[in-house]
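*Asks:* Below you'll find the structure I mean.
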Amino acid sequence: MRKYIAEFLGTFILVAVGTGSIVYSAATAPSPLTIALAFGLALTGGIYAFAQISGAHFNPAVSLAMAIQKRLSWLEFVGYVIAQLLGALVASLAVYGGISAYLKSATVTQALSGQKMTVQQFVDIAGLGQTNFANGQALTAFMFELVLTFLFVLVILIVTKSASVPAPLVIGILLAAFIIVALPITGGALNPARALSPVIFVKGNALGHVWVYVVADLLGGVLAAFAANYLNKDVDAAA
């Protein structure tokens, strides 16, 4: 049970801090670097806190890759994914709770947004930090998410096998870098749980697009598992 609680808490931290950085600074137009650092630092901190308990996946694509590599049982995989989805959902609920009082009024106040604007303007700018892409760009978005998630999970699978590599820092920095790259195209999810949770609370086409993130990110995790097995074949044999 401890490992599932760790996955819940780690995913909560990742999604709450990451999407919160988008929502609560929406009116000041946060830079891609600010958003990327929020996600990257949250992930790094979560890994340092929970790696010894659960392995600190916080991402169904990572857990799927670990299960394929037999570093996680399939029963554990199911438990991990449930914990991750719940953690992400509660995080989005917490972010929503932070602005819900303002949504009852005609305007979002200075305290929340840094300037006065209508509720609709605020929601249009920030939503709940959901990832999305332009209509007609599904294939481009799919490929971006697939390739970046593949590379992200591949690096995770490799660096977490080496005790000499500061894995939490490498993983956090890599996530931040990939989010900067993907932010203008897809929002840079690289994580089905992170993509799913905010869209439950928002309207628009984000919910209709979410399948792209789920399928592409999980497929990226699968491909990364097989690629890591191939790349580490000689290393594992020697060990």
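The backbone N, Cα and C atoms fix where each Cβ goes, and this holds for glycine too.
It should be emphasised that the depicted structure is a prediction, and the values quoted were computed from it without experimental measurement.
The feature transmembrane segment is assigned by TrEMBL to 7-27, 33-51, 72-96, 138-160, 167-190, 210-231.
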*Asks:* At least three Cβ pairs under 8 Å linking the transmembrane segment (72-96) and the transmembrane segment (7-27), pairs spaced 6 or more in sequence?
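*Replies:* With 3 or more qualifying Cβ pairs, these stretches touch.
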*Asks:* Count, for each of 7-27, 33-51, 138-160, the Cβ pairs lying under 8 Å from the transmembrane segment (167-190), and report the range with the highest count.
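*Replies:* The stretch I would name here is 33-51.
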